[in-house]
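What follows is a set of notes on a single structure, which appears directly below.
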Ligand SMILES: Nc1nc2c(ncn2[C@@H]2O[C@H](COP(=O)(O)OP(=O)(O)O)[C@@H](O)[C@H]2O)c(=O)[nH]1
Ligand SMILES: [Mg+2]
């Protein structure tokens, strides 16, 4: 997700930062490239046009072009405009402020991921907020669909002990099931009732009618549309139709783990007015994330998503290890041993390409591997190289000079070039992390645009001996 766009956008901004001075012509040229990159990423045309105009307008003023580092000033404008397009700073949380049992209605086309997402949301609410959740399948067209939700509920319940599926009663209509779900929820003291509706292969009146009827009898606090990120513009058009026909309160974008180009995420808010609230990044129950526009913008511009990574690490690793890694990362102090520990945890944390995208400076390793299948053998080789180092070398890689490199390469069955590459990449990673840690986790969370955010970070990077921000 966003790989190609990210590569191009950071390339354009890097180009701008190289020049000390910028002319209006430079900005125009850069915006032409940004426009192409966004169109290639499948961003909707009106959104692209708006974005480019906005950035151009803000960039060609005197304050920007005559500033000390105009390239970085433009980069900040681009960052802000990306955050806007993605829905504005800060994740939009699920709204569960209603009298329990709070109904949450899941809608969308067939195969978009509604049932899976219902299970994921049940896990999240029961695990993090201690909510008691009832899952009800209103899909009466495919008998297997109700069983699918029942099995999901059992899997979630095995983890949190607070989730149940509404018993299946043959012959009931979706509206009848919805009423029964709310009655059961009330009687048995559930906090949330998730109503998983049937989809259709395409949008039709019958589907919309059914959703409208269910809405009318349940009055849901959230009507969440699940769309498949891989379908690009179609996802946006689907959302537009659903919003016009039945009204939605938020979008869940599934399959963010696929190689979608990212255009749907960038177009959703502008075209539909509905915020993306959650994203799905895999088939596992844990693969559900909040959507933080400022973090996504950071990833698109190659700044990495350290906040997201730290969060994910803290959730997935055992708690102590999570705290330890998070602290060291934020202190800009992690060493090669920590890198190995990261490698060891990567499988547990989810898709490798997802993690690589979150690590600042790791974009290059990803390019090296090509964008087909991420080949995990590189990590095995890195582990081999690091295991051939002494304790001291792992803590202070700076001491590894020519003769040590030869010894390490021989010991690990690799080459000096490979050792060099690992050290260089590790160095890139540490530099980037130190820089990001300067603004603090809080600053990062508040968004990369505010005071103490990207602007401050850029000041640091503009210092003599500093590196360009997007290198
Ligand atoms: N890779 C990936 N697969 C997903 C994701 N969400 C759902 N799926 C898969 O998509 C398929 C259809 O999902 P399902 O929940 O049954 O869709 P529904 O018809 O809308 O209820 C299933 O095989 C899911 O495992 C996701 O975020 N990533
Ligand atoms: Mg389903």
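Residue positions begin at 1 at the first shown residue.
Each residue, glycine too, has its Cβ placed from N, Cα and C.
Going by TrEMBL, these are the annotated features:
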type	residues	note
BINDING	108-115, 196-200, 254-257	GTP binding site
DOMAIN	275-288	domain 'SRP54-type proteins GTP-binding'
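Most Cβ neighbours within 10 Å, among the binding-site residues 108, 111: 108 holds that distinction in the structure as shown. Around residue 197 (GTP binding site), the same-chain residues six or more apart in sequence whose CB sits under 8 Å from its CB are 105, 106, 107, 114, 138, 139, 174, 210, 211, 214, listed in sequence order.
Non-local neighbours of the domain 'SRP54-type proteins GTP-binding' (275-288) in the same chain are 86-87, 91-94, 113, 116-117, 119-121, 123-124, 152, 155-156, 159, 224, 226, 229, 250-257, 265, 268-269, 315-316, 350-351, 354; each lies 6+ residues outside the stretch with a CB under 8 Å from one of its CB atoms. On its own chain, residue 200 (GTP binding site) has 109, 110, 206, 207 as residues at least 6 apart in sequence with a Cβ closer than 8 Å to its own Cβ. Ligand 2 lies under 6 Å from the Cβ of 114, out of the binding-site residues 111, 114, 197, 256. Checking the binding-site residues 111, 114, 197, 200 against ligand 1, the ones with a C-beta less than 6 Å from an atom of that molecule are 111, 114. Across the residues of the domain 'SRP54-type proteins GTP-binding' (275-288), the predicted structure has a mean pLDDT of 94. When DSSP labels each residue, the domain 'SRP54-type proteins GTP-binding' (275-288) comes out as 0 helix, 6 strand, 8 coil, counted as helix, strand and coil in that order. Its own atom aside, the Cβ of residue 114 (GTP binding site) has 27 Cβ atoms within 10 angstroms in the protein chains shown. Of all Cβ atoms in the shown protein chains, 26 besides its own fall within 10 Å of the Cβ of residue 256 (GTP binding site). Secondary structure at residue 114 (GTP binding site), taken from DSSP and collapsed to helix, strand or coil, is helix.
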